[in-house]
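Participant: Sharing a structure, written as structure tokens. Questions coming.
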Amino acid sequence: MARSRSSSNRWRYLNPAYYLKRPKRLAFLFISFVCVSFCVWDRQTLVREHEIEVAQLNEVVHRLQNLLEESDTVKDAFGGKSFLGVEDSDANKKKGIQDDPIDFERRQKVKGAMLHAWTSYEKYAWGKDELQPQSKDGVDSFGGLGATLVDSLDTLYIMGLDEQFQRAREWVADSLDFNKNYDASVFETTIRVVGGLLSAFDLSGDKMFLGKATDIANRLLPAWNTSTGIPFNIINLAHGNAHNPSWTRGDSILADSGTEQLEFIALSQRTGDPKYQEKAENVILQLNKTFPPDGLLGIFINPHKGTPSSTITFGAMGDSFYEYLLKVWIQGNRTAEVKLYREMWETSMTGLLTLVRRTTPSSFAYIAEKNGESSFVDKMDELACFAPGMIALGSSGYDPENSQKFLSLAEELAWTCYNFYRSTPTKLAGENYFFHAGQDMTVGTSWNILRPETVESLFYLWRLTGNKTYQDWGWDIFEAFEKNSRIESGYVGLKDVNSGVKDNMMQSFFLAETLKYLYLLFSPTSVISLDEWVFNTEAHPLRIVTRPLGDNSEASDGQQKPKSHARKEGRFGHL
């Protein structure tokens with residue numbers, strides 16, 4: 001009986017009637033329940049707040065890691081500096097090098113644009129030459145050489161997109177095959193593929209890229225087997241059969257024949273084999289034999305006689321010949337060994353001055369085209385907007401008076417090119433412009449295919465003058481691309497800059513040039529310093545290496561010898 005009663009007394013606490021008869025105990029129980037519930041709720045709240053704080057801290061750490069990767073963590077094979085040439089932050093502060101917060105923000109947005117373009121290419125067109133964003137597929141517009149991928153290697157490296165670079169590197173090593181029964185453009189293959197691979201080698205020190213560059217260059221060499229050494233512009237990569245396009249009536253194109261020197265000289269320097277340099281430089285020697293007093297050549301050249309003819313222009317088919325006269329001089333570190341290039345370039349600049357016209361009523365300076373002895377066409381390609389940057393880059397080689405004259409001309413021409421963009425409803429430039437008395441300029445061919453030339457010139461002018469106006473102009477152009485050309489699956493050009501109708505192509509040079517120059521426009525001047533690097537016409541940076549007198553090469557083991565330090569402080573570094 002006693003055990004049964006004791007057990008019954010314990011179970012009575014679970015009976016609700018027990019508490020209804022005892023209100024004080026009911027109140028105590030209620031208060032206890034509330035307190036326990038509050039403690040549990042408060043602990044859960046603290047856990048959630050802690051999780052949010054941890055997530056925020058992780059985001060900060062991630063941003064800092066990206067910044068470190070961009071500026072200081074990746075080392076190159078030349079002297080242990082960061083590949084960008086950016087030294088540690090304390091050293092930069094001592095030298096007065098600071099990263100403007102606005103520049104940093106803009107640079108990150110350009111990097112984001114590159115990531116969007118690249119991710120779209122990876123998703124829809126991996127290994128293909130170019131992405132068609134509207135149809136979300138790839139097209140082999142260059143014979144299946146992975147043009148966008150190879151063109152983007154140095155952009156990925158410079159921006160610190162390491163994972164993307166490594167995936168691209170693996171594709172080049174495992175899948176890039178040049179043994180194709182394809183008639184390739186010698187010019188396009190040289191500037192995009194040879195230039196892209198050499199730049200990736202110079203930045204990373206990875207000899208795989210040098211080996212690939214040598215392979216494709218060897219396949220291009222038979223194009224130079226003409227009676228003058230002026231190359232045919234088309235060659236079959238598998239069989240080595242070379243010819244010129246049918247529409248040129250057997251002639252070679254000036255720009256296509258005179259825009260291999262940077263890449264082939266660099267290849268000879270890095271391999272120790274002089275044959276590449278000899279083939280490319282012979283073209284300049286041949287053209288110099290009949291170089292006119294004004295230094296202006298027609299865009300067609302007879303490969304058997306070496307004589308130029310037809311239109312004179314700094315636009316399509318003429319442009320990069322003049323660019324490479326200057327840049328080979330820079331590539332050779334401005335020594336006596338490359339003096340001829342500088343002399344020819346200065347002669348051409350004398351001729352360029354005779355083509356400069358100004359509009360009414362706004363006095364926009366532009367470079368006209370010339371047919372024959374005295375027939376001028378008031379037309380300027382957007383392609384010719386590389387010229388302000390080229391002129392600014394070469395202005396320092398003159399005496400002070402002429403240096404200022406040419407720099408001022410470069411600034412005038414850049415203002416015109418910027419207004420090519422500002423004058424349209426989309427704020428993107430057309431392919432070319434015509435000039436009329438009293439009307440300034442009107443769009444001729446109205447498409448925009450994401451070209452880089454104006455941004456390229458703004459980059460040089462900002463680097464050489466320190467004038468932030470050029471950065472602001474570049475930002476305007478970037479925002480116009482973001483507004484009109486960015487879609488969910490990449491970037492597209494416009495069929496018409498007036499209506500904004502989109503096309504279906506993301507050109508490889510948009511990643512190789514346009515976005516790279518925009519990124520560098522907002523980077524410290526020590527990033528890819530113009531004292532240490534020269535850009536090929538596809539914006540691939542190549543290391544500047546001094547050429548010894550009487551020697552055609554400077555290395556035999558795949559590495560450059562140390563460059564001269566005679567210009568240690570440099571004319572083109574931080575301003």
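Using the three backbone atoms N, Cα and C, a Cβ is placed for every residue, glycine included.
From TrEMBL, for reference:
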- Glu188: active site, proton donor (ACT_SITE)
- Asp319: active site (ACT_SITE)
- Glu431: active site, proton donor (ACT_SITE)
- Glu453: active site (ACT_SITE)
- Thr537: Ca(2+) binding site (BINDING)
- Cys385-Cys417: disulfide bond (DISULFID)
- 548-575: region 'Disordered' (REGION)
Participant: Roughly how many Å lie between the Cα atoms of Cys417 (disulfide bond) and Glu453 (active site), rounded to a whole value?
Facilitator: 9
Participant: Please report the Cα separation of Glu431 (active site, proton donor) and Cys385 (disulfide bond) in Å, rounded to an integer.
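Facilitator: Glu431 (active site, proton donor) and Cys385 (disulfide bond) have their Cα atoms 11 Å apart.
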Participant: Which of the recorded positions Glu188, Asp319, Glu453, Thr537 has its Cα nearest to the Cα of Cys385 (disulfide bond)?
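Facilitator: Of the recorded positions Glu188, Asp319, Glu453, Thr537, Glu453 has its Cα closest to that of Cys385 (disulfide bond).
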Participant: Note down the number of other Cβ atoms within 10 Å of the Cβ of Glu453 (active site), including every protein chain shown.
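Facilitator: Excluding its own Cβ, Glu453 (active site) sees 26 Cβ atoms within 10 Å.
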Participant: Measure from the CA atom of Glu188 (active site, proton donor) to the CA atom of Glu453 (active site) and give the result in Å, rounded to a whole number.
Facilitator: 16
Participant: Within 10 Å of each Cβ, count the other Cβ atoms and name the one among the active-site residues Glu188, Asp319, Glu431 with the highest count.
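Facilitator: It comes out as Asp319.
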